[in-house]
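What TrEMBL annotates here:
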type	residues	note
COMPBIAS	12-21	compositional bias 'Basic and acidic residues'
COMPBIAS	22-33	compositional bias 'Polar residues'
COMPBIAS	36-57	compositional bias 'Low complexity'
COMPBIAS	343-354	compositional bias 'Acidic residues'
COMPBIAS	366-377	compositional bias 'Basic and acidic residues'
DOMAIN	168-296	domain 'TFIID subunit TAF5 NTD2'
REGION	1-58	region 'Disordered'
REGION	343-391	region 'Disordered'
REPEAT	425-466	repeat 'WD'
REPEAT	498-533	repeat 'WD'
REPEAT	540-571	repeat 'WD'
REPEAT	582-623	repeat 'WD'
REPEAT	624-657	repeat 'WD'
REPEAT	666-698	repeat 'WD'
Amino acid sequence: MAAVQGGPVDAVEEKDIKTEPSNDGCGSNSTNDGRAASASPGSGAPAAGAKPAAAAPEDQQTLLAVLQFLKKNKLTESVDILRREAGLPEDSLDLKGADSSAAGSGGAAGGAAAGGAVAGGDLGAADASSLLSRVTASSSAVVQAPTKAAGEDQPDVNVVLSAYSQQGDPKLYPVYYNGLKRFIESVLDCHRAELSQVFYPLFVHMYLELVYNNYESEAKAFFEKFRGDQECYYEDDLRILSSLSKREHMRGNETLLDFRTSKFVLRISRDSYQLLKRHLQERQNNQIWNIIQEHLYIDIFDGMPRSKSQIDAMSGSLAGEAKREANKAKVYYGLLKEPEIELPLDDEDEEAENEEGKPKKKKPKKDSVGSKSKKQDPNAPQQTRIPLPELKDSDKLDKIMYMKEATKRIRLGPENLPSICFYSFLNAYQGLTAVDFTDDSSLIAGGFADSTVRVWSVTPKKLRKVKSAADLNLIDKESDDVLERIMDEKTASELKILYGHSGPVYGISFSPDRNYLLSSSEDGTVRLWSLQTFTCLVGYKGHNYPVWDTHFSPHGYYFVSGGHDRVARLWATDHYQPLRIFSGHLADVTCTRFHPNSNYVATGSSDRTIRLWDVLNGSCVRIFTGHKGPIHALAFSPNGKFLASGATDSRVLLWDIGHGLMIGELKGHTDSIYSLRFSRDGEILASGSMDNTVRLWNATKAFDDLETDDFTAATGHVHLQDNSQELLLGTYMSKSTPVINLHFTRRNLLLAAGSYNP
């Protein structure tokens, strides 16, 4: 019916309308056994004596109601096309309008009419007119939607909940649910774990249906009786659900709207699915079958059923698991080719060459670092796939510095763990909410709940502003040290405070060239600050609600932000409007990260999923499920192949981006994980948590132990080893400081930061 709402309809949409009801009144299009397995929600089952070729009376009524609606709106051309498609005589509309004793008066089984408007008895013109009025009402609701109050951006509760029409006697719901429970408990062990996945979505939809139809006491009894059967990781959702005890509570409730508008995805083997289907059809358990058809998406695979541990590893998100198709797209996870930069000899090398007459051994090592990614990676995107900024001279100098530092980098491993330098924010009465380090580890910035951003220099070099315009005119612009002369020594200090936000600052990110700093806040804006003048250059407005995180691209220019409005936005520093809007999460986007090649963005959300987005076209190319709580930390491995994620469930999960699969689980933390970082060579993964610890994990072993044959399995399940203790290299306690940021310097020293809680 959606095609009709809102006025003129073209011929293609009309065909869709016509083919929709011809699903022989059955929610499933896979029942080939001749009898109607169930009626679609809200319609009576077709009469037993109805001819197979003829549309069911209700379908005909619906069709006529649509035709009348189109005729009323003078869409005669559309009426003719639809009538011809449906094979109705030309005078059918006139007959139907005048004659109340049309076909269907008593011919159909006396089930409830589609909206609960007409129950049983005469389903003639009264039914057609009720359908017509409903179509008209819904179309007018769609037309009037833009004129709603600004705060009401949620869908109308009546439209969203229209599927919760009455399905038989509510007192029988516990009986239906109990019957299914007994059946699943009686099947073979191998099928039981898979079929048990059905309990949670069924429980929620049955409860909501009871509440929507004003059966408060029955709903409460149902909830109390079966709440204990649900998995522990749905506890938070059930707490929210228990507060919905009246129909009015449903209006604008986010959790409910998520559940209602997105199908809950279950992955079940074909054998288990056939068992369930056969059971429901034999019992003629239409209520449960209808909910499964209407609100669940069952991703059926061929092969052995999955074990309880395999299912638990992947479940827990707000909308079930990801469909297998969601992770099939090609992802170019390789690194871009580095620009060729000649590495000049430093003074030490020149001296050594003069003395000895032959070069030092260090030199070839440097060349090898410089030419590390000269060869094009076969999995890398094309250099020009997305436009990246050209390297400036200052960037080239920075690259040279980076290469020199890289030659002095410590090679980490199980026998050679990094030193950790912890920056504790003492007396942070303003409430520290975010921290970031520059890539060269020279600056540290903190975002605070008092809406300020504070920047410190952690080297002896102090922070200075650029001189005023009048003073700049007096400078000799040709001199070699012009960049030094433009700085005003009078302004030198270790700390600069940036004022501008009107709410707590939740996310900050330095640009790779250290010239800019991004900050995102509860005030719904992202601000770009100059680190030359320590002033705000731009305020990016696009989010309607708090912005939880922001992150600069490794190549600069682009940045991403995510917030309470459930979307992530891609920006460029010189555009005040977003370039891409990544929409798909069912709850707040809590953290964002760019892939090392800048072609992809990862987002973590309170819906307990991680999504990977293609910057080129804005499409979602990976959905990872498995966390049991909101995700607050993401980190890509330096080679771009793997992703690590941390959440409030105290676990770190490892993902293979190319195959779209979970490949590891690191357990050990006892509180939410807010920070993850790979060492510069990818050997070690560091995790920081609210439990006041930093833990180091052997990333090389975690990735090398993988059996690549597992990935070729069509079912896409990998059996996770419980080897967290083997992979844990060390745990480092702070006195009483939660760890909210980690950073490896270019020489692989680990920096950590947090605010001391006395």
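Quick reminder: no glycine exception, Cβ is built from N, Cα and C everywhere.
Put simply, of 498-533, 540-571, 666-698, the stretch with the most CB pairs closer than 8 A to the repeat 'WD' (425-466) is 498-533.
For the repeat 'WD' (582-623), DSSP puts the residue distribution at 0 helix, 24 strand, 18 coil. Summed and averaged per residue, pLDDT over the repeat 'WD' (540-571) gives 93. Per DSSP, the secondary structure of the repeat 'WD' (425-466) breaks down as 0 helix, 22 strand, 20 coil. Secondary structure of the domain 'TFIID subunit TAF5 NTD2' (168-296), assigned with DSSP and counted as helix (H, G, I), strand (E, B) and coil, comes to 101 helix, 7 strand, 21 coil. Under DSSP, residues within the repeat 'WD' (624-657) fall into helix, strand and coil as 0 helix, 20 strand, 14 coil. Taken residue by residue, the repeat 'WD' (498-533) breaks down under DSSP into 0 helix, 19 strand, 17 coil.
Counted with DSSP, the repeat 'WD' (540-571) comes out as 0 helix, 19 strand, 13 coil.
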